[in-house]
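Trainee: This structure is in structure tokens; I'll ask about it shortly.
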Amino acid sequence: MPLIALTPSGEIAIKSSRSRRRFERILIKNIGKVIRVKSYKLDQGIIILNTDDDYSKLSKVFGISKYFEVYEFSFSSIQDIVNFVKDRFNQTVKGKKFAVKVKRVGNHSFNSMDVAREIGNALYPYSLGVDLENPDVKINLILRQDYGYVYTTENDGPRGFPVGSTGKTVVLFSGGFDSPVATWMLMKRGVRPILLNFELGGKVQRDLVLKEVDVLKQWSSNNDINVYFINGLDVTSKLVNAEPSLRILLLKRIMYNTARVLANKLRAYSITTGESLSQVSSQTMINLYVTEYDIDLPVFRPLIGFDKEEIIQMSRKIGTFEYSSKLPEYCVISNKSIVKSQLDKVLEEERKIEINYEELIKKAELVRI
């Protein structure tokens with residue numbers, strides 16, 4: 001019965017042994033939340049899983065570079081290796097061109113080229129020949145001192161770091177194209193997201209947001225994703241007397257400050273947004289500066305250099321496009337905008353607004369996905 005082998009992402013592999021072990025432990029724990037693992041072992045940079053579950057789910061587990069189905073065997077001579085591979089793969093290469101690649105660790109009376117050559121000679125009569133550049137079948141061997149693994153097909157993982165390995169962030173999550181993609185990108189870096197949504201579109205918006213979160217949950221290694229819903233209409237009602245051209249920036253500052261308070265409460269050490277430089281008037285460089293002024297947490301904007309088409313393409317890859325494309329834009333507070341705001345004027349208007357952020361969070365509805 002085959003086993004499943006996987007290689008952690010290259011960024012994990014190059015870390016110190018102590019850090020690497022920590023990331024590997026979290027990765028293995030996350031894998032166990034996605035598929036049933038009967039047992040596992042760490043083998044010189046490779047994780048070997050014994051599972052009878054659908055291992056294709058590993059394609060959405062961050063921290064994995066490659067995963068593949070392997071056959072394990074023991075040997076005491078080069079002929080033992082050749083016999084095992086010949087018996088296992090003689091029908092696989094039938095009518096096809098093949099190549100053999102060998103990686104070897106240990107002290108042996110033979111080298112990797114010897115093994116590849118002998119296996120090639122043994123399989124040649126069953127095949128259409130050897131093609132080292134573009135084979136139909138590539139037979140890969142990983143050899144240790146007296147045992148090894150053999151496999152033919154590698155599958156790509158999403159790489160990155162395991163979700164939950166690098167901290168938490170509060171995401172300003174509107175549910176449009178941008179914020180789900182930004183969330184996914186932080187998850188790829190090992191971050192566990194806490195989503196903060198200001199409801200401006202009622203049940204339609206909420207239902208679509210929750211469907212997007214269901215998609216993101218597939219990438220979270222089944223770690224819970226918490227969504228805090230805040231009544232956005234209660235917030236916008238406080239802006240009716242504010243300068244119309246500054247209302248959008250004032251609303252964004254309220255969102256940032258709410259995220260800051262929530263982050264401090266939940267021991268998250270950053271805020272994440274889906275903002276892209278100059279995509280809209282509120283996202284010019286000066287307006288981003290004004291928006292995050294005096295926010296004492298790092299603000300991550302993973303999409304800052306992406307254009308809208310690139311973001312939409314990523315949403316298709318992730319799986320959130322279907323729901324993001326149905327979400328209307330809610331512009332309920334002002335038809336005016338300003339591309340170059342003045343900090344002192346924004347702060348002057350802000351001082352006129354009375355908001356108790358602790359109370360705002362206390363009234364928020366928490367949905368755990």
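Each residue, glycine too, has its Cβ placed from N, Cα and C.
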Trainee: Going by Swiss-Prot, Leu172, Phe173, Asn197, Phe198, Gly274, Gln283 bind ATP; tell me which of Lys211, Lys217, Lys252 is listed for that site too.
Mentor: Lys252
Trainee: I'd like the Cβ neighbour count for Phe198 (ATP binding site), meaning other Cβ atoms within 10 Å of its Cβ, all protein chains included.
Mentor: 25
Trainee: In this structure, which of the binding-site residues Asn197, Gln283 has the fewest other Cβ atoms within 10 Å of its Cβ?
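Mentor: Least crowded of the binding-site residues Asn197, Gln283, by Cβ count within 10 Å, is Gln283.
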Trainee: Please state how far apart, in Å and to a whole number, the two most distant Cα atoms are among Leu172, Phe173, Asn197, Phe198, Lys252, Gly274, Gln283, the recorded ATP-binding residues.
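Mentor: Across Leu172, Phe173, Asn197, Phe198, Lys252, Gly274, Gln283, the two farthest Cα atoms sit 19 Å apart.
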Trainee: When the number of other CB atoms within 10 A of each residue's CB is tallied over all shown chains, which of the binding-site residues Leu172, Phe173, Lys252, Gly274 has the maximum?
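Mentor: Sorting the candidates by Cβ neighbours within 10 Å, the top entry is Phe173.
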